[in-house]
Number of protein chains: 2
Amino acid sequence: MKIAKLSNAMSLQRSVEQANVNHVKTVREVIDHVRQNGDKALFDYTEKWDGAKLTNLQVTKEEVEAAFADFDPQLVQDLEEAAANIRAFHTQQVRPNIDFQLDESSYIKYKITPLDAVGLYVPGGTAAYPSSVLMNAIPAVVAGVKRVVIVSPPSKEGKLPASVLVAARIAGITEIYKVGGAQAIAALAYGTETIKSVDKITGPGNSYVALAKREVFGRVAIDMIAGPSEIAIIADDTAFADEVASDLLAQAEHDRFASSVLITTSEKLAREVQLEVERQLKQLPREDIARASIENFGCIYIAESLAKAVDAVNELAPEHLEIITEQPEIISEQIRHAGAIFIGRFSSEPVGDYFVGTNHVLPTNSTARFSSGLSVDDFIKKTSVVYYSEEMWQKHYPKIARLARLEQLEGHARSVESRSWSKEEFHDC
Amino acid sequence: MKIAKLSNAMSLQRSVEQANVNHVKTVREVIDHVRQNGDKALFDYTEKWDGAKLTNLQVTKEEVEAAFADFDPQLVQDLEEAAANIRAFHTQQVRPNIDFQLDESSYIKYKITPLDAVGLYVPGGTAAYPSSVLMNAIPAVVAGVKRVVIVSPPSKEGKLPASVLVAARIAGITEIYKVGGAQAIAALAYGTETIKSVDKITGPGNSYVALAKREVFGRVAIDMIAGPSEIAIIADDTAFADEVASDLLAQAEHDRFASSVLITTSEKLAREVQLEVERQLKQLPREDIARASIENFGCIYIAESLAKAVDAVNELAPEHLEIITEQPEIISEQIRHAGAIFIGRFSSEPVGDYFVGTNHVLPTNSTARFSSGLSVDDFIKKTSVVYYSEEMWQKHYPKIARLARLEQLEGHARSVESRSWSKEEFHDC
């Protein structure tokens, strides 16, 4: 792992990936095909790309119960405890309606309504991520969404991973379909005979899934286009090198494009972490992935001061930030841009990835500058409700009419003025 | 204006416009050109498309003060009162941080941080919309955004409309640039010598502006891709036909693609509104626009019951909804999908467009199913902050390690386990 002087914080940033034009074309064809042919297109693509010849898209209750019965009870209990923690913290995010009284009778209300239906994409492949199921599904359920649907590509044998089915059951999700890729996104956005359309699609996926989400954005809402995962660690000479190294590698093992950065005021720590990373890399099952990530997107920066480290992090806006210093809370208060912050040596990132209750779906690629991790807010919407009494209208309509005419919208002015006969006196005939 | 039986609510929906491929190409070229050539590209495009040969992109303080001094004092006062109302209601939307204690010392915080910098696009052309300046700028200011920038295309004389400058001054915005179109969006997203980049771009614009926003989405945040404006009105036989007609026309005068729909249980009202719309159309300055809108996207639907009307509106998810019935609040409570709701005959839509304090930037094209009008939420982001004490870590790390190994992420497991020597007893040597 390279060591460098922290001079130009901007050099930490990776650029946003450009979409592959051929992939865009493929994804558009897939979407059109699903819109035209519905379920048939889903069966065809699933056979073609996942190698699974299905007769039924929907996972049966029996399949879920069988997966649950066979699952390690200790892991069921761990997942249930994690789910309870996620539920507890996300429940804190639930907001009340706002009631804003304008006079005795006139008011504005700001009404919170959950979305009707949400689709959650769960990636397939060798590694299943039950934690992602919990992180995406539970905020929707807490928000009050009535219909939460999971789509995920099946194995050649036409099955979904047991851990995904178990996590779905724990999260309370019963509508699960064996379909992945752009075709699953198309089905969620436009609906087929079997899969009714949803209002929002969340969850990570490969580049085809990401492109498909981008294509259907507007027709439905999407969560975000997530890039490779990242961690930045601010540490001083109080940090233990082996612990810091293990945290950098936990990030690096995700994929070759993951980025792990240490910013430290201690040259001694920098050297020790460098040695530790190498030592631990050799013992890691996913050594090849982690090594590629560390070599290409990993760096140890020596900062002149913690203040300079803070500046660099605010420039970087990392997805994850660990602060392992003598007074980590003071540093934390100075951070403006980060997806999630972990304070002190006992709060390493996996605490948040799996268990403590915060969401692990977080903004990558410096988008923490302007966006947030997944939350209950992503599954509700707000409607303003206005009630003006006759008295309020009487008092204010001339101003409204003037402002409308300033914008040359005469019809708007007449709309508020049209109520004016109501205040005329009735005369004797 | 046509009258129809309300049978199939879906028929109310207009489909989402497809982007013009040639426009996409042009917009991408413009963005690349601005990224490569900075200010020079902005000057060139402004001369080419707006016919203005500028020497300076930024509006001077003197220009703003001159516009303000010359402006009708009554209108200044009206705009100031509207601004105060918008500020008051949006201040209600400001949320506190969440502090969630896990044990005596461990906690999760959910920290609200305003964005650093926001750009607001203000369309040019003959009609200037000072109300849009207030609606976009004030929520950002209330959220605590330090830098709010306005971009707007100048006239041939190199000027921005006085009303826009006056509204900007009232909203407290001092950084204003004379540049519009896709080039303005590119400048806001990537920065030039004069215009520093921002983190989010909001505000309406023509199709080039909308496409440019879509292109830079991800690099920066955007508000939404707004479609043509819409109103639905639910009315029973207590409504006055002339008032309802004037509200339909207020919407229709916006543009030819605007949609105005009345859903009523009263055949009598339907006939009267039909006659009134025609009578009032003839007296409207923007008759041609309003007539095209009413003919193509206007309809009066006769509903069997108010319950059926509610169902239709929930299917339509209109941007604006007026409820002019005997018990409008009961109807309002049944509405799940609408951008903004106006209750009773004295709360016609222009009350919200200009004055009461709610935001008039609202979701169109049925996107009220999953999205909300502009609010303070659009200008803040949330960061989770986790602090785990040694005791909490000790209690939970085996579970976290097990969940990580379930996902084949050994490095994650080792990250939480690496802290374990700290609890080992020190022995005498």
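Glycine is no exception: its Cβ is also placed from the backbone N, Cα and C atoms.
From the candidate list A:HIS320, A:HIS337, A:HIS396, the residue TrEMBL records in the substrate site shared with A:SER229, A:GLN251, A:HIS254, A:ASP353, A:GLU407, A:HIS412 is A:HIS320.
Those recorded positions from the list A:ASN206, A:HIS320, A:ASP353, A:GLU407, A:HIS412 that have a Cβ under 8 Å from chain B Cβ atoms: A:ASP353, A:GLU407, A:HIS412. Taking the recorded positions A:HIS254, A:HIS320 in turn, the residue surrounded by the fewest other Cβ atoms inside 10 Å of its Cβ turns out to be A:HIS254. It is A:GLU407, among the binding-site residues A:ASP353, A:GLU407, whose Cβ has the fewest other Cβ atoms within 10 Å in the structure shown.
Distances between the Cα of A:TYR121 (NAD(+) binding site) and those of the recorded positions A:GLN251, A:GLU319, A:ASP353, A:HIS412 are shortest for A:ASP353.
The Cβ neighbour count for A:GLN183 (NAD(+) binding site), using a 10 Å radius over every protein chain in view, is 29. Considering only the recorded positions A:GLN183, A:ASN206, A:GLU319, A:HIS320, A:GLU407 (substrate binding site) has A:GLU319 as its nearest partner by CA-CA distance.
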